[in-house]
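According to TrEMBL, the features are:
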COMPBIAS  8-17  compositional bias 'Polar residues'
DOMAIN    48-114  domain 'DRBM'
DOMAIN    172-229  domain 'DRBM'
DOMAIN    305-629  domain 'A to I editase'
REGION    1-24  region 'Disordered'
Amino acid sequence: MFPYGPVANSSENTMNGYNRKVPPKRRYEMPKYAAPPKKKTCKERIPQPKNTVAMLNELRNGLIYKLESQTGPVHAPLFTISVEVDGQKYMGQGRSKKVARIEAAATALRSFIQFKDGAVLSPLKPSGNLDFTSDEHLENGIENVDNDVSKSAITVDGQKKVPDKGPVMLLYELYNDVNFECINIDSAQNNCRFKMTVTINEKKFDGTGPSKKLAKNAAAKAALASLCNISYSPMVVPQKNVPLPIDDKSSSMELPQIHADAIGRLVLEKFMEVIKGQEAYSRRKVLAGIVMTENMNFFEAKVISVSTGTKCVSGEHMSVNGAVLNDSHAEIVSRRCLLKFLYAQLDLQCNQATAYQSIFVRNTDGQYPYKLKSGVHFHLYINTAPCGDARIFSPHENDTGVDKHPNRKARGQLRTKIESGEGTIPVKSSDGIQTWDGVLQGQRLLTMSCSDKIARWNIVGIQGSLLSSIIEPVYLHSIVLGSLLHPEHMYRAVCGRIEKSIQGLPPPYHLNKPRLALVTSAEPRNQAKAPNFGINWTIGDVELEVVNSLTGRTIGGQVSRITKQAFFDKYGFLMKNLPGILKRSVTTDYGQTKANVKDYQIAKIELFSAFKREDLGSWLKKPIEQDEFVLNE
């Protein structure tokens with residue numbers, strides 16, 4: 001019987017009595033030294049020279065190029081084109097409209113920027129037979145051949161936006177002589193910080209950061225902001241669903257970057273100055289300060305206050321005579337230092353010889369005896385977002401995108417600080433009305449968050465209720481942060497959440513919308529445990545004051561110079577000695593004296609009502625027994 005198939009491992013098969021050899025399978029073998037297949041090659045791309053028209057459009061938006069004249073014969077015309085930049089007209093000529101436009105842009109750029117040799121100002125040479133009258137390669141002043149540059153134009157929907165290129169790369173493109181130098185490493189901070197200095201045209205710009213790369217970026221940002229008005233601030237591009245008043249230029253929410261950097265630098269320098277000799281108290285998590293300018297002249301700006309702190313008083317240390325600081329958070333303490341300064345400025349009005357030195361002037365045409373001089377502005381600096389609504393939803397530095405859930409009920413809620421600790425909770429989770437005996441028996445003493453207090457200042461002013469009987473309300477012009485600035489969350493926290501519901505404010509009270517900004521040298525996150533002390537300093541003080549945040553008194557057990565008691569005494573002195581005051585005597589206690597300032601109380605009640613109408617919670621008040629003290633005789 002014959003098999004149905006070939007026998008395995010056999011080279012011969014037997015079929016019908018014949019033997020047949022099966023040829024072996026052929027194997028294809030590559031040549032031993034076969035040459036690899038040739039790859040298709042293409043001509044290397046030659047880098048094109050930088051286009052001046054596109055570069056100018058990066059720096060200035062909405063430019064219009066105008067054909068001024070056309071001279072010469074038809075076969076070789078000479079075009080003259082102009083462009084107006086910052087009110088100044090610049091001209092350019094060329095054998096085509098395209099070349100003339102490039103020359104006009106180059107002339108404009110030369111007026112305020114030094115370029116790398118040949119990098120930007122190389123003219124495009126016509127090749128072959130060029131139609132000198134053709135504009136087919138031009139669209140809206142930007143050439144199609146330079147799409148990479150046009151993509152990085154610093155505008156979006158007619159508004160400025162952060163450039164697509166990094167600050168260091170952009171700086172090297174714009175300037176020829178750029179020198180970076182690492183000056184020193186400041187290890188005084190908990191996080192190691194590097195300081196870089198960039199020198200351009202003999203001008204120096206500093207930047208700091210937790211790494212050399214970030215410090216270099218910060219220095220480049222500072223240089224671009226100062227020299228070219230190019231900002232990398234998160235406030236530059238408002239998100240589409242943020243109710244920022246971007247259409248009204250007079251009420252723009254963005255503070256110029258150079259002003260923000262100046263404010264941050266002044267506060268940090270003043271802190272390092274006043275802490276000398278008391279370095280043991282330099283440890284801090286939050287630093288705040290207030291800077292005063294006249295007519296926005298930052299060359300003569302004055303630091304009014306500097307403070308640190310992150311804790312509130314413990315309930316067992318409450319005072320019935322206003323002798324303790326309830327809230328030792330840095331921004332709240334800085335505002336109290338500002339009150340001390342305002343009282344001192346009103347003191348100058350008590351003496352005719354010193355009245356001209358005061359920032360206040362007599363108000364002859366209003367219900368308030370005094371008002372601020374025209375052009376005086378106050379700027380608040382905080383090295384991080386204020387606790388509460390401004391910080392809770394943006395805990396990381398890169399959380400600057402659009403809020404994906406702006407309508408969630410958690411957004412905008414009033415929040416309270418925790419006694420002797422850090423962090424905030426919504427008021428709806430709190431224990432309701434606070435009573436004196438309840439707190440003494442162990443109930444937590446709650447204090448409104450810093451975000452909520454800043455929102456309050458933007459309605460009733462930063463001068464407090466007592467001074468509101470003497471001066472017109474005073475508002476913050478700007479708030480500058482050292483880190484964690486999320487435009488949408490910050491705007492909502494300080495004013496946006498009540499702008500639609502606030503109503504019935506007695507003039508001159510109004511909803512203030514401060515300018516917002518982030519410094520270029522952002523502060524790194526400090527992971528160290530917060531100390532139980534805070535410092536405060538006000539202009540005119542010989543030395544700083546150190547306060548135990550848990551007791552509300554100085555570390556020596558003394559009464560702080562910025563307590564309710566201290567301000568009530570100053571108020572009593574002003575009522576007796578200040579010219580123009582009708583009612584001289586103060587016969588009521590502290591709480592009732594504040595309640596007698598009618599317009600302030602109306603504005604405050606309307607603020608609380610606006611929060612309720614928006615379903616954001618009820619403002620939590622301290623036990624009333626704290627304010628039932630009278631003037632010291």
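A Cβ is built for glycine as well, from the same backbone N, Cα and C atoms used for every other residue.
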Open item on the list: DSSP on the domain 'DRBM' (48-114): how many residues come out helix, how many strand, how many coil?
Closed with: 22 helix, 22 strand, 23 coil
Task: the domain 'DRBM' (172-229) - residue tally per DSSP class, helix then strand then coil - done: 20 helix, 24 strand, 14 coil
- [ ] Pop the mean pLDDT for the domain 'DRBM' (172-229) in here, whole number is fine.
- [x] 84
